[in-house]
């Protein structure tokens, strides 16, 4: 559960890949890519769509099409574009990123947004674009409320700003909310959609917008090295994912909620179950835990075969459910984290033993260790104690 990017093609998807009809997409001659782009544009409610190698490239292209050199993008300080895309907007497009605080649910304050809009003055860069992220990764896979999306769209219209939605996990937002993707991004000028996360394709993302926007996007894709030849081989997997692996995202959400509920019952674990909207679960270790985040992550991987990710400079742990994670896997993971060896200082018998030993030895406290040798080593390496 390190991420939903670890998904691999299913046997049925591999059959589709093997049988894919292909052509040279740089010459607009790959029939499978054309089908994928048409299907994606339909699902996203946009005039046209473009297949690109990655979500990072999709977002970078959106910035490049909407903005000129020296312009500025208003976006959240916890957004993927700002935190995890190498500041490509600045590095390649000479576009500044003006961050404002993300709220806990991934939204942005409209007041902060208004304050971030630059005055029309030669001293300042032009505010050109607002970027949202739905679902919001760093905020825990939260689904942005429809009302908020509509308010931001109205705000952008009234301030002559373009709106881009980083919809890497927009499919999750749609399934969780019961709202079609097209409706979730109806007010956006452009949207990206990742095919290689929960949807389970091996490679690729979609960017969608007006026909004119996509025309310019193709130019940028080419200059960024994103033009691919017989790419229908992998585009076929994306098409299969949209048609056959969309609705099953609900299973991932159910498993994530079950994981959060299970973890919440473990002493030493802090998790807000109510904020688990989709397939991402963040949890923290409390003062009861005897391990650090990194130590627990390493231990689970090495001894239990459970892969989770440390997050936020070691402050929390992220688990991401996906099509390879079953309900049984969730139960196993909860049990693996529970660990009966007192890692979380939660074993009542150990506590009784330590208290009794401290009493008999006339000391403030005692610690139960595996062996006499361990006790000697502790005294050797920490003589100051």
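Numbering starts at 1 and runs along the chain as it is shown here.
Backbone N, Cα and C atoms are what each Cβ position is placed from, and that goes for glycine too.
Because TrEMBL annotations are produced automatically, they should be read as predictions rather than curated entries.
Because the structure is a prediction, the values reported are computed rather than measured.
Quick look at what TrEMBL annotates:
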| type | residues | note |
| --- | --- | --- |
| DOMAIN | 1-284 | domain 'Aromatic amino acid beta-eliminating lyase/threonine aldolase' |
| MOD_RES | 197 | N6-(pyridoxal phosphate)lysine |
| DOMAIN | 335-371 | domain 'Aromatic amino acid beta-eliminating lyase/threonine aldolase' |
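All protein chains considered, the CB of the residue listed as 'N6-(pyridoxal phosphate)lysine' has 25 other CB atoms within 10 Å. Taking the domain 'Aromatic amino acid beta-eliminating lyase/threonine aldolase' (335-371) as a whole, pLDDT averages 75 in the prediction.
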